[in-house]
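Note sheet for the following structure.
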Amino acid sequence: SCDTTEICNCSAMGLDFIPPGLTAKTTVLNLAHNRIKHIQSQDLWQAVNLRALLLQSNKISSIDEDSFRSLGKLELLDLSNNSLAHLSPVWFGHLFSLQHLYLQGNSYRDLGQSSLFSNLRNLSSLHLGNPGFSTIRQGNFEGVVLLDQLWIDGGNLSQYEPGSLELIRKINHMIINIKSISIVSAIVRDLLHSVAWLEVRKLDLSELDEMQLLRVMSNCFASKLSFKESLITDATVPDIVSIIADMPKLEEVELIDCRLLGTGRWKMQIHVNQSQTIKVMTIEKLSIEQFYLFTDLQNVQGLLSLLTKITVQNTKVFLVPCRLSQHLRSLEYLDLSSNLLGDQSLEHSACQGGWPILQTLNLSQNSLSDLEMTGKSLSHLRHLILLDISQNNFGDIPDVCKWPKTLKYLNLSRTQIRKVTTCIPPTLEVLDVSANNLKEFGLQLPFLKELYLTRNQLKTLPDAAPIPNLVAMSVRSNKLNSFSKEELKSFKHMVLLDAGDNNFICSCEFLSFIHHQAGLAQVLVGWPDKYMCDSPLAVRGAQVGAVHLSLMECHRSLVVSLICSLLFLVILSLVAVGYKCHAVWYLRMTWAWLRAKRKPRRAPPKDLCYDAFVSYSENDSDWVENIMVQELEQACPPFRLCLHKRDFVPGKWIVDNIIDSIEKSHKTLFVLSEHFVQSEWCKYELDFSHFRLFDENNDAVILILLEPIQSQAIPKRFCKLRKIMNTKTYLEWPSGEEQQEMFWENLKGALK
């Protein structure tokens, strides 16, 4: 489970214990999502160089006190989501390098009587708590001076001793997930001057009587305040706004995944001094059940004039009142993405005098459908530089549109545009028209420096003449097959090209041209990931000059031609050799042999039609047909012989005829001679068809030696024939007539 860098991933392996075999080389050990219940002293003793130990989501209920004693270099320890009922300071006594400690999601109810973390001088982030966590005492955080993040998850925390967190001099990010407002108030009182970012989660701010407890927050010197998953009502909004406005150093306010009960008709006027410090407001996924009845926020208009950055995402905003827009006199950045703004409501929201110094506007993923009207509604914004109107549905766009003269960055990706026209402002320096199914791009954009055409249907590169100052271009995931040297040469200032996920055919000469041509692309980012032969030409993001190509990539056509020629010659040679050696015939014979092998050893007696099948060479046919056949078939009683010339079935494959004839005969006569052992057909018969007769080890084979045969004349392939001739008696044809009479008597006796 360990890679070359000694990072060992043993997560989700069903382990019941820490596996043995850890060495001093191990730097990261991931044992998350197993079934480990106990950590013993010796389990980690050898892992002295361990930097990260991940034990979350196990069933750990006990840890030996010296289990972590050897981990002096450990920087991250995750024990979250286990079953630890108590925490021991001895565990952490020797973790001098520990920076990140996660203990949330266990079953302990408190942190003990003393500090668990007094020896953790380098501790940076600490996560504590669980649903049953109930008590924080003074001294629990003794020794902790600086923290980047402290997360206390104590939904049911009921006892907090004042001063428990006061010893921590600085906390960059404090996350409090506690239901009790009184406990939150006590914690905030200890952190008035030490916390930079205060984040409150799952707090019920619906009770007006409890809001006074949070007045202490108005004295907090935090620069950022976040409310997440909290409940707010019309009745408590004035108090919350008042507290926020009075915080002396507050610069940024966040409301994320919160819920507002009401429609903005607050029962009392909000009387607060205008905050001189708040510059940034972020609202994401604010749920307002009756959002369509929400008021125009006149009560808070005076608080918004100094805001420089506002984000309101995914909150069902369908209109920004004109008077509210006009009060946003300092606004430079506005993000209204993922809302319900339409063409008419945008015209009202961006009214004359509204957003007077706005520079960045994000209207992506709204309900805009008229690009001409969108440009006209925003044309009076004299400082607008960046406009994101992606993921709207514009469709066909006109030829003429009116835009702010200062506009330099325009995002029109995923807007269903079928064709770009001169409606696009000529002042642009950056244009993104990705994912629009464009088939061509030919706009005159003299100042354009960056062009993004990803995921379109382009078959050729855009013409360089209308965009002479282009520095970077992305044509990834189009239908480009190739582009010429002349096309690239025309982009005189191009330094970055992303042409990935196309189907190019390029050569070494082409790549060399790119590298050496002065003023042309020196860096290729995302050069085609796949070619016609699935071979990447260059590593993504690599310098062109650093790319070393193989012979295949340099001379693809030549290499492919050579390979095809060699392959053709090899196939042609195999065909010629096969033809000369009767390869097809041998294959057929092999198939017949396999079929014969599967047949029963003997045919039933009722299927035996012949007394003997005669195997002989054609050169010996005169003796067989005129002498032997006459003698045997005219005997009394006569013998019935099977001869291939006379008894084979016409049209049937000869091998099948041989096998069937042998199986239908009581005996097989082999007429041996010099011609027999030289005959190819006799070889095939003995090799493929007669093996069953030999293997049965019975008297079904009768050998007739027509003439003397030298042993060296018998081929080595006839090993069974030689074995039979050496072990069985055979009949030898005599030259004398008296002896011939004895020969026929013996042969007839053998056949009977």
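Positions of Cβ are set from backbone N, Cα and C atoms, glycine also.
TrEMBL lists C2-C8, C322-C351, C401-C423 with the feature disulfide bond. The feature domain 'TIR' is assigned by TrEMBL to 608-751. If you look up TrEMBL, you'll see 558-579 marked as transmembrane segment.
This view paints the features noted in TrEMBL onto the structure.
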residue	record	Cβ contacts under 8 Å, 6 or more apart
C2	disulfide bond	C8, N9, T26
C322	disulfide bond	H348, S349, C351, G354
C401	disulfide bond	L371, E372, G375, K376, C423, I424, P425
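Take the CB of C423 (disulfide bond) and look out to 10 A: across all protein chains shown you find 18 other CB atoms. When pLDDT values are averaged over the domain 'TIR' (608-751), the model yields 78. The most densely surrounded of the disulfide-bonded residues C8, C351 is C8 (count of other Cβ atoms within 10 A of its Cβ).
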